[in-house]
Amino acid sequence: MGIGNTLRLSSRMLHRRILYSSARSFTTTEGHRPTIVHKRSLDILHDPWFNKGTAFTMTERDRLDLRGLLPPSVMDSEQQIQRFMTDLKRLEEQARDGPSDPNALAKWRILNRLHDRNETMYYKVLIANIEEYAPIVYTPTVGLVCQNYSGLFRRPRGMYFSSEDRGEMMSMVYNWPAEQVDMIVVTDGSRILGLGDLGIHGIGISVGKLDLYVAAAGINPQRVLPVMIDVGTNNEKLLKDPLYLGLQQHRLENDEYIEVIDEFMEAVFTRWPHVIVQFEDFQSKWAFKLLQRYRSRYRMFNDDVQGTAGVAIAGLLGAVRAQGRPMLDFPKMKIVVAGAGSAGIGVLNTARKTMARMLGNTETAFESAQSQFWVVDAQGLITEGRDNIDPEALPFARKTKEMERQGLKEGASLVEVVREVKPDVLLGLSAVGGLFSKEVLEAMKGSTSTRPAIFAMSNPTKNAECTAQEAFSILGDNIIFASGSPFKNVDLGNGHVGHCNQGNNMYLFPGIGLGVLLSGTPIVSDGMLQAAAECLAAYMSEEEVLKGIIYPPISRIRDITKRIAAAVIKEAIEEDLVGGYREMDARELKKLNEEELMAYVENNMWSPEYPTLVYKDD
């Protein structure tokens, strides 16, 4: 549409008409505009970003010198998916490396091969079957992948920075072919999914997380970058393994370690000033320190500290609703937390802030909120009587005299604490499988809550504090159960079902990343994370919550992500941090109403559709 004097449209009206008409915004239309490529023939077929396989039209085959290099039949993407799914079911068993290779790992191998040859179709399959394949590309199967990564490595995916590259990272980032990167997930492999130090094998978690950014948030796969920072490993098995692909030296510590991470952050933000960096699976002693070091300077967040906390808070608020109470009753909940690592402390800090905000954000409110938590680590109940308390856990250490009045003391066992406190919620973030023993669950029968909640949030499945079956069989059907990894619902007989809620970080981090990207905010604030958590908590209907369903099914993940992204953008506007994104500047973004904001988010979510390819000689 031309812009002439006769139209008399303001720039704002014109902008909105263009943005919300059937023509989509820039990000989405990349899949519809012709794409210029500088390769053809076999080079195109070997490039997963542009390969369409049998979906190349005859016109494209002639244009790109592909005629004769593919079977003559042209298939559309739906036919390709049907063919792939048929092959997948047939090949699952054949893809196993012997009888000890789990079926889930066989599925991962087959999906990974598709990813290697045709990225568009890979994401089309993943999005269409997200409930089935999210546990394959992410937790729990990604844990197995990381444990076996040296043996599974076939072709590089992402970038590797090591302590041997000091002084070279600024030039290294230009080796990555993408001119723009929107999202980086980085790990140092030191604490992968509660499995411990897996060294360079940890790159698998970065790849898996970014697959979900693409599938759930519609981040363009050509603008994501998985990163592994190899500073050595303290895993003696890997240090002695001749086939290990990483540096066979002990981990750097202290200032040497910080210097490597500093150089990496400076390098990626120099080349891509607007990139968002998600820190993933860093051991606790570095997770908090790096978060505090960078969060006010860069667009970054730590999913273990902040994402886990947000998902847990959404679940805790859901548990309040499941009792038929308003969310504002949350500050009255008594919560026993098992685990004081980065995830546990992250949840505690966020829960305390949430309670305090509901109580008026005064000093008294914070003190009142703090008194609702009892924290138990490997040494037992944390009180002020403990020597050398972790500084991050210190605010939650209980007063010794107060505990004596409750019949508890420093180092009291989990079962003793549960028995005396009679909590509303037992929250596990310990990475200790089976920690919620029969004795502990029996003690929860004394809870003063009308509907107690058991949150076994540790990943992967073998690290879950208890199973859904164990919780429901001991405590009956009048509980709320949530876990980090997926468990099946429990048949309780007489038509009753014990719902297993998967409190997975994938409900939040894609929406947080997308909202930060589309708002143009220079930082990720606590308010944005809080807005994301509250949006997730409010997503379920009253009817669903009263049935014990506090998290939505994974099948709704794109809709959930869209709403969370919009909530993050609204909070960025509220905090006057919004900067705009591409053609939508901050001033226009602030003027969008609710419906327009949702449309803006949706229109900027990439969908896996084959573009028309046009060859152009360099």
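Placed from the backbone N, Cα and C atoms, the Cβ positions cover glycine too.
Here is what TrEMBL records for this protein:
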ACT_SITE  Tyr138  active site, proton donor
ACT_SITE  Lys209  active site, proton acceptor
BINDING   Arg191, Asn459, Asn504  (S)-malate binding site
BINDING   Glu280, Asp281, Asp304  divalent metal cation binding site
DOMAIN    115-295  domain 'Malic enzyme N-terminal'
DOMAIN    305-573  domain 'Malic enzyme NAD-binding'
If you count the other CB atoms within 10 A of the CB of Arg191 ((S)-malate binding site), including all protein chains displayed, you should get 25
Checking the spread of the (S)-malate site as listed (Arg191, Asn459, Asn504): what is the longest Cα-Cα distance, in whole Å? 18
Can you tell me how many other Cβ atoms are located within 10 Å of the Cβ belonging to Tyr138 (active site, proton donor)? 24
By Cα-Cα distance, the member of recorded positions Tyr138, Lys209, Asp281, Asp304 nearest Arg191 ((S)-malate binding site): Asp281
In whole Å, how far is Asp281 (divalent metal cation binding site) from Asn459 ((S)-malate binding site) when you measure between their Cα atoms? 12
Among Tyr138, Lys209, Asn504, these being the recorded positions, pick the one whose CA is nearest to that of Asp281 (divalent metal cation binding site). Lys209
Tyr138, Lys209, Asn504 filtered to the recorded positions whose C-alpha is within 10 Å of Glu280 (divalent metal cation binding site): Lys209
Give me the count of other Cβ atoms within 10 A of the Cβ belonging to Asn459 ((S)-malate binding site). 25
Roughly how many Å separate the Cα of Asn504 ((S)-malate binding site) from that of Lys209 (active site, proton acceptor), to the nearest whole number? 12
